[in-house]
Amino acid sequence: MAPQMYTCLFLVLFASFTCSSYGYQFSVGGRDGWVLNPSESYSHWAQRLRFQVNDTLLLKYKKGVDSVLEVNKDDFDNCNTSNPKVKLEDGNSIFKFDRSGPFYFITANKSNCDKGQKIIIVVLAVRTPPSAKTPPHAPTPTAHSPASSSPPKGSPLPPSPAARPPVNAPTPAPTTGNTPEDTHPPSRSPPHHSFAAPAFTSSVVLVSTVSLVLSVALGGFIVSS
């Protein structure tokens, strides 16, 4: 497909170059030729036509009687015939436009020039057709593996899952048919501690101590008597 497209592009450029290399030929004054009073004025004739680079002018006149001079703008306005750029005098002259812009032509007969035998031709620049642009190729989709989510540089690393304390799942409350007031857990009674055993132990110790003291006192009394 690409070679065919480049071939078509080359043919288009070659055709445009060929067309721009060859131009049209315009006969000044038509059937009347280069004369003093043509049937169509030179100014009107030049304004209704489009001239481009490589076009040519055909100027017909009587050889040895008249001639055509290409001059600058000042000489054109003043009909100055003494300083022409180009002089055509063979009676069947062809002038080729080699550039764009205005061209000024007058007759070599100053009297006829003052009467209007002169013409201005404005040549347009050649416009080359825009070259056909190749359609842009669609980018080939590439499969990207999911990038591991790494923390940005300079930020603290998140704790590993193993370092986190286990979260105990809350024990679901038993569902009963009680009213919302009954949903509160029953108040716990304080644990019943056995105080009888420590009290009995203290009484035994107290009795033993008193008995020992009495025995010692009684023994001392007997010995003294």
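Cβ coordinates come from backbone N, Cα and C, glycine included.
TrEMBL entries are annotated by machine, without manual review.
Database features (TrEMBL):
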type	residues	note
SIGNAL	1-23	signal peptide
DOMAIN	24-125	domain 'Phytocyanin'
REGION	130-194	region 'Disordered'
COMPBIAS	140-152	compositional bias 'Low complexity'
COMPBIAS	153-173	compositional bias 'Pro residues'
TRANSMEM	195-223	transmembrane segment
For the domain 'Phytocyanin' (24-125), give the DSSP counts of helix residues, strand residues and coil residues.
17 helix, 38 strand, 47 coil
On the 0 to 100 scale, where does the mean pLDDT of the domain 'Phytocyanin' (24-125) fall?
96
